[in-house]
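One structure is given here, and the rest of the page talks about it.
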Amino acid sequence: MVGFIARRLVQSLFVLFVMTLIVFFGVNVIGNPVYIFASSECNQACVNGIIADLGLDRPVWEQYFVFVGNALSGDLGNSFTFGVPAMSLIWERLPATLELAFAALVIALGLGLPLGILAGLRPDAISSRLIMGVSTLGFSVPVFWIGLILIMVFSVQLGWLPSIGRGDTVSILGLEASFLTLDGLSHLLMPAFTLSLFMLAMVIRLTRAGMREVLHADYVKFARANGISETRILSVHVMKNILIPIVTVLGMEFGGVIAFAVVTESIFSWPGVGKMLIDAIAVLDRPLIVAYLVFVVFMFVIINLLVDILYSVLDPRVRLGGGAR
Amino acid sequence: MTRAVDTPPALAVEDLRTAFFTDAGRLDVVDGVSLTLRRGEILGLVGESGSGKTMTGFSITGLIEPPGRIVGGSVKLAGEELVGADRARLRALRGRRIAMVFQDPMMTLNPVLRIETQMTDALLAHASMSRAAARAKVRDALAEVGIAAPDERLRAYPHELSGGMRQRVAIAIALLHEPDVVIADEPTTALDVTIQGQILALVQRLCRERGTGLVWITHDLAVVAGIADRIAVMYAGRIVEEGPVDDVLDRPAHPYTRGLIASVPVPGRRERLPQVPGRMPSLLELPPGCAFAPRCAQAAEACRARPDLLPVGPARAARCHFPLVETEAAR
Ligand SMILES: Nc1ncnc2c1ncn2[C@@H]1O[C@H](COP(=O)(O)OP(=O)(O)O)[C@@H](O)[C@H]1O
Ligand SMILES: [Mg+2]
């Protein structure tokens, strides 16, 4: 197990290295941020001053080595716009994004599992067909459109839910959370639901497919032949088998949900890292963009590792690290 | 017969009919099956693959799933009718009074649950006791089916056990509540020959000890010869011959039974075995009369009419217009 994790981390370091290379040089080609910072009065000498100040006068590869050197000591550079360490900006915004993503996950599982079970138990019923039809929408309709429709209906027409920001937050363990206040919860509901749609559709489909397969398995029939109650069969014997693919796929998807909450956060002006990234791109804040992407890769690595571990806990046939028990 | 007339047999199946309603049409997979099983008796149910043995077992235990359903007949477990019984009652009887062992031990146990969980679940389905007491009981049950180091096995997952060991676990589960009737559906077919013999002996011994009635389903006549008291031969969803195992194997009355016997390999002889010629027809295109007629060497005009299961000797019956042993009537 320890060996497995170590091997995984070494692989990830390599991925991280390649990624920084691509991002760093990629960002350097899109444009020169200095012209965005410099005011119109700034003459060439003034511009050159700024360029030297930011270290942009040096060759790109030299900049890269400085960046890597600093990164290894945990410093991903200062944001051009805010003049503070880029990582500190990310940490500041991250709790909002995490809260949104976890709320979306809870919605996806809380709604998706029961709906999927229902659809799997009675595949031919009208209700099941309805559930599957709606889940197809979750895959095919763009997120921003659903977000806008929700705002139009629940904020503009009905005036039930606010459409902007996080609302009141309370601090738990040093992190701000919206879901513990009524106002915060009302702010969280629409963006979280919007963000959850894709995952929700996926959970419904995976649950239904799993049910259809597992319900006809011999071991379920054997459990019935032994007189085990239907509730126990469904909630333990069937569910544990179904959860394996769901956890895997959802785990893979979850990193993406955090990383690309960008759209949802923009629509609902949710003050998370996704919105920060959009702002950073608009002003070509290179260090912030690079720091964000490095952070995202790192997060993917961690999440995938957790998924693998969870997977091996759920499925006894999988042993991490090649049979070392 | 000195038995009291009023004690009902452990299992009495009467004209049981099960059909599958598929897109291709109606399939009568169990077509008027009648069986009687006394306590402690072992009945061998034989027939080629696809003849309806498994579906008969599932019908008896109420485990037929859509698009199939029981369309007629009666199944009485110690006198209690199971056909049409409500789900709660069936659940209460399954595992406690009637149990089943399935064909493929690789598929019978839940891959993601520990042996202990699966066994205690089956135990606690019909008994209330503490987890610790349940654990002790299932541990003993494992020891009883010849599993060494039962404590260790309880913590294992199915994939950590061999096929033979998994089948022992399934047998231990089926016998947990000392049921009146056990239906064993080809439980040794998927196993090595040596393991087959052990399992066979184990089940035979446990059922004899406890007076459990056993229906042993198999396509292997040699197995039946070794274990059963009586034999029922199935073809295309129907019983075609029934009787004491030695009588039937020595002097088969139905041409199909004779064909099956001729195809049993004799140890030491390596010549090609005469199979029953032809194949069992699809249930969708059965001939109107005797289902075996198209493969039967002695089929005649009369075989266009459906034969009944008629007595052909003491405690024997065959479904044939021209039985190979003289009937009472012809004598
Ligand atoms: N789910 C099903 N749908 C339609 N036909 C089925 C189904 N299950 C079994 N059958 C048919 O029932 C017949 C009897 O099958 P089975 O009882 O499994 O045979 P055996 O156990 O004797 O090999 C076969 O013709 C098989 O095709
Ligand atoms: Mg079968």
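Cβ from N, Cα, C; glycine included.
Unlike curated records, TrEMBL annotations are generated automatically.
According to TrEMBL, the protein carries these features:
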- A:12-31: transmembrane segment (TRANSMEM)
- A:94-307: domain 'ABC transmembrane type-1' (DOMAIN)
- A:100-118: transmembrane segment (TRANSMEM)
- A:130-154: transmembrane segment (TRANSMEM)
- A:188-206: transmembrane segment (TRANSMEM)
- A:242-268: transmembrane segment (TRANSMEM)
- A:288-311: transmembrane segment (TRANSMEM)
**OP:** Please give the sequence-distant neighbours of the transmembrane segment (A:188-206): residues at least 6 beyond its ends with Cβ less than 8 Å from one of its Cβ atoms.
**Re:** 99-101, 103-105, 107-109, 111-113, 115-116, 119, 131-132, 135-139, 141, 143, 146-147, 150-151, 154-155, 161, 163, 166-167, 178-179, 242, 245-246, 249-250, 253-254, 257, 261, 264-265, 267-268, 270
Original post:
Would the transmembrane segment (A:288-311) and the transmembrane segment (A:100-118) count as touching if the test is at least 3 Cβ pairs under 8 Å, pairs 6 or more apart?
Top reply: no
Subject >> Beyond the flanks of the transmembrane segment (A:130-154) by 6 or more, those residues with Cβ under 8 Å of it >> reply: 115-116, 118-119, 160-161, 163, 190-191, 193-195, 197-198, 200-202, 204-205, 208, 263-264, 267-268
